[in-house]
Each structure stands twice: as structure tokens, then as C-alpha cells.
């Protein structure tokens, strides 16, 4: 009896130890994410002002360059995810790209201090900077694109690495994993809050090198040290091999057998790898699903395949396991949902460009204190924090009680749909504010800074709507792509979320270019000229509201069509047929 009690105490002690260790791991990851985000947005939040004030670019060019840079940040996430899933694993990938990130920030700080801010003290509202040589401009772009590579390659892997620390088979850890992405996104936004307020204030005053970029470099270095310090506590998973070759093998094998007829529901003649192969690196089997019938040919065993097996010749480019075929199906099913998130990212990216330029042209002073226009995004972050609390503590429990027994709150797809609705409200709000800003503007203002008597605080609703939409859209995306991506492509799932932001930035840049080209015909100033008082930024915002509404309709269709991944011993959480039935 005593031995039995001792065994129980030992088991409880071991469980307690691992849960405490898990808590420490997750805290390290939250802090690392907060510090890295502080560093990244210490550069990004005022980059449009740095380009206009220090490098003397006009508003449209600066907005486009910020969009292209931000797009590059997130397109690098695919590169980082590929290295992580295929060769390096998530831990090593996170460490290497964080080092690149830190080096880029240090280089930017040094380049700004010694070469770009000339004369000393330039870059504020009153002191213009001198001209720069081509190699100085080149050094600046080298440093910011190193930052793009480092942060982009690190970001999708740290989210997935944090999710790896939870054991889904443990009930308590499984519930904690559901909450992880919300608090991970909150940690990221709290880091951004410091950048947008404290660092944004100093940068707006022209203190770019030391108190702006230098502080960002120090924060990124501290985050790197913290991440490496938690190494002994982490759970590590080996990479599962090159996903591109697996994808291509299925396409080639199915194409080779394009004349083969696969009987409906014929599971007996479908090839599956043996138990030893299927458990490699902890990758779970994916169960067969209907749809994309053409790809099933890759797993269908023909007489030629049987002859090859008897001779000990297994051709991976002719016969693929069912799990490998289903892995390709999963990616193909995710793509329409992913494409529908790109227009939302066009809306989201306006915070770092046109929202800031709009704020510059408004009344930014309270008594004798000037509010940096970029710091208005703090209201976006506060909105994120508020709506994460409201969703997890109020909305989700209420919806769970209203739905059928055993179901949980809103699905990820429903939340993403709600995010699109709120995004439309954000653009309509921004357009209305711009209409009133123009009403109280001085039309002959040469520089446009503070030219309208309308207070910058009228921008609060549009920032708050963006923050609310992020909680539903981006947190929902992180959970959705992580849950629905195959085990061997988890980092790729997180990278899809970031890549939609990337393409959103490129689409935004393209839209601005097209709008300016069309609206400047017959010597008209265009919708987004250097002097916003002579333009129609409100029309651009209303255009985005219309495009997002059309995108919402397409998204609803795609979400109703979507079917969830089914893993051996565990079915996906998303029903696929009625995910948007209540949206």
C-alpha cells in the first residue's frame, strides 16, 4: 500500500515538474517575442517618416517602399519555414535568423549615426537632412533588408516552436495550447506598444540612431540571449525532410497514372507506408479523404507497382503513401482560404503607411506636447489586448454555452470571417475621418504637416477597429494554419499567415501605384499626392472597403467548401461544412 502511494506521489511530482518547466519555456518564448517585436517595430513604425525626412522621398514613394520592405519581411518567412521543416529544425532556425536580425539592426544604427543623419540633429520636423551618396543609400537598404531576412525567417518558427512545447495528448496542455496563440499575439503587441510610444516619440524628435535604432538593436540582442538561455528546457523536434520533393512526387506519380481508374471507396489497393516509416520524427498518419480524386492515383497500387515491390524496387516517383498524398491535398485545401486573407492584409498595412501620413496632416498637439503620428497605433495594440480578453473571457464562453453540447466557441474560420467584417468597418471609419480632415484643412498648405484643425484623436476608431479585427483574423489564422497543416509542415502553416501579410503589402503598393497613375491624368494631383489636402485619400479608403467586402463574400464560399485534416487517432477541430453557418 505504501509503495503504491509512493508511486502516485512520484508520478504527481514528475507531472508537476514538467508543467513548471513548460511554464518557464513558454514565458521565455513570450518575452523573446515581445523583445524581438519591440526591436522590429522600433524600425518599422516610423520607417515612412525616416524615408521622407532623412532620405527626402515623397509620400507615395515612401509608402510604396515601406510596403515593399514589409512584404519582403514576410516573404522571407517561407524561406525560414522551408529550412526549419526540411533541414535545420525550428530551434536552430530561430537562433540563426535572430543573429541575422541583430546584425542588421546594429548595422542600421551605425549607418544612421555616422552617414545618414547629416548634419547632426536632422530628421526631425524642422531640420532637413543633406543629400546622400549611392553607397550610403545602399548601406541603408542592406541593413533594413538584413532585418527583413532575420525577422521574417525567425517569426513563423518561433510561433510553431512555442506550440511544439505542448503535448496535445495531455488534457491540460492541450487546453493551454489553444490559449497559447492568443497570448503569443498579445506579447507581440505589447512589444510593439513600447516601440510605438517611447521609441516612436524619440524618433519623431529626430533621435533616430541612439534612442531609436540603437535601442531596437539592444532589445533584439536581449531577446536572443533570453532564447538561448532557455535551451535546456525546450522540447525539440527533428525536421521531416524536404516537403517540395514530397509534393512533386505526388504530382508526378499521379500524372504517370492519369489513365488509371481508381474505384470509389477502394482503400485496400491504396499504398500506405509501414508503421516504422510512418512514425519517423513523430509525424502522424493523415487519413484518406474524398476530393482531389486525381491525386489518389499516386497511392493506387497497380500491377506494375506490385512487380516493383516483389523485386525490391520502390519508386517514390510512381507510388506514394496515402499520408503523402493527403499532405498535398491539405495544402491545396488551405490555399483558397489563404488567398482570401491577402486583401485583409492590404487593410492592415495601411497602419504603417497611409494612417501615419494622414495623422501627420492633422492637429497633433495637446497644449505644448506633440503626439507622434506613428504612436497612434498604440490604440490598435490596446484594442488587441482588450479584445483578446473579451474574446477569451466573455465571448468564447457565451458562444460555447449557446452552441450544442461538447462544442467550443467560434471556430477559427468563423473568427476570420468576423475579422474581415470589422476590417470593412475600419476602412469606412478611416474614410469618414479623412472627409472631415479635408473639411477643416488649409488647402494652400505647402508641407501639409498639421495643416488640418481636426484632432489626430479622431483616428482612434480606425485603429481600434483594426486591432479588433486582428484578434479575430490573425490569431484565428495562426491557430487555423497550425492546426490544419500536416505535422511535417507546421512552420509552413505559420509562414502562410505571414506570407499573406507580405502579399498584402505588395498588393497595397500596386494599388497605390495604379490609383496614382489613373488619378493624376490631365494634371490632376491624384488621390495620394505629397500635399494630402489637394488629394482624396478618403476615396482610396472607401475603395479598400469595397474590395474587402467582395473578398468577404468569396471567403464565405471558400470556408463552406473547406474540409478539415484528419489525423490518425484525432480528427481536426474544424467541421468543414458549417464553419460559417453562424457568421
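Each residue, glycine too, has its Cβ placed from N, Cα and C.
Remember, TrEMBL labels are computer predictions, not curated facts.
If you look up TrEMBL, you'll see 29-51 (among others) marked as transmembrane segment.
Beyond the ends of the transmembrane segment (71-88), by six or more residues, the same chain brings 40, 96-97, 145, 147-149, 151-157, 160, 239-244, 488-492, 494-495, 498-506, 509 to within a C-beta distance below 8 angstroms of the stretch. Taken from TrEMBL, the feature transmembrane segment covers 71-88 (among others).
Residues annotated as transmembrane segment in TrEMBL: 95-115 (among others).
The transmembrane segment annotation in TrEMBL covers 135-154 (among others).
Residues 22, 26, 29-31, 33-39, 41, 45, 159, 162-163, 166, 168, 219, 377-378, 380-382, 384-385, 388, 391-392, 470-471, 474-475, 478-479, 482 of the same chain sit 6 or more residues outside the transmembrane segment (175-194) yet have a Cβ under 8 Å from a Cβ within it. Marked as transmembrane segment by TrEMBL: 175-194 (among others).
For the transmembrane segment (206-228), the list of distant contacts is 28-29, 31-36, 38-40, 42-43, 46, 50, 54, 94-95, 98-99, 101-102, 105-106, 108-109, 112-113, 117, 121-124, 127, 191, 195, 199: same-chain residues at least six beyond its ends, Cβ to Cβ under 8 Å. What TrEMBL records for 206-228 (among others) is transmembrane segment.
Below 8 angstroms of C-beta separation, residues 44-49, 62-63, 66-67, 70, 373-374, 376-377, 380, 413, 416, 419-420, 423, 426-427, 430, 459, 462-463, 466, 469-470, 473, 477, 480-481, 484-485, 493, 496-497, 499-505, 507-508, 511, 528, 537, 540-541, 544, 547-548, 551, 554-555, 558-559, 561-562 of the same chain, each at least six residues beyond the ends of the transmembrane segment (334-356), sit close to that stretch. The transmembrane segment annotation in TrEMBL covers 334-356 (among others).
The transmembrane segment feature in TrEMBL is assigned to 376-395 (among others).
For 416-436 (among others), the entry in TrEMBL reads transmembrane segment.
Tertiary neighbourhood of the transmembrane segment (456-475): same-chain residues 181-182, 185, 341, 344, 347-348, 351, 355, 358-359, 362-364, 371, 373, 376-377, 379-384, 386-388, 391, 415-416, 418-420, 422-423, 425-427, 429-430, 433, 436-437, 497, selected by CB-CB distance under 8 Å and a gap of 6+ residues from either end. Annotation source TrEMBL lists transmembrane segment at 456-475 (among others).
As annotated by TrEMBL, transmembrane segment applies to 496-520 (among others).
What TrEMBL lists as transmembrane segment is 540-558 (among others). Here the transmembrane segment (540-558) has long-range neighbours at 336-337, 339-340, 343-344, 346-347, 350, 354, 416-417, 420-421, 423-424, 427-428, 430-431, 434, 511-512, 515, 527-528, 580, 583, meaning same-chain residues at least 6 beyond its ends whose C-beta is under 8 angstroms from one of its own.
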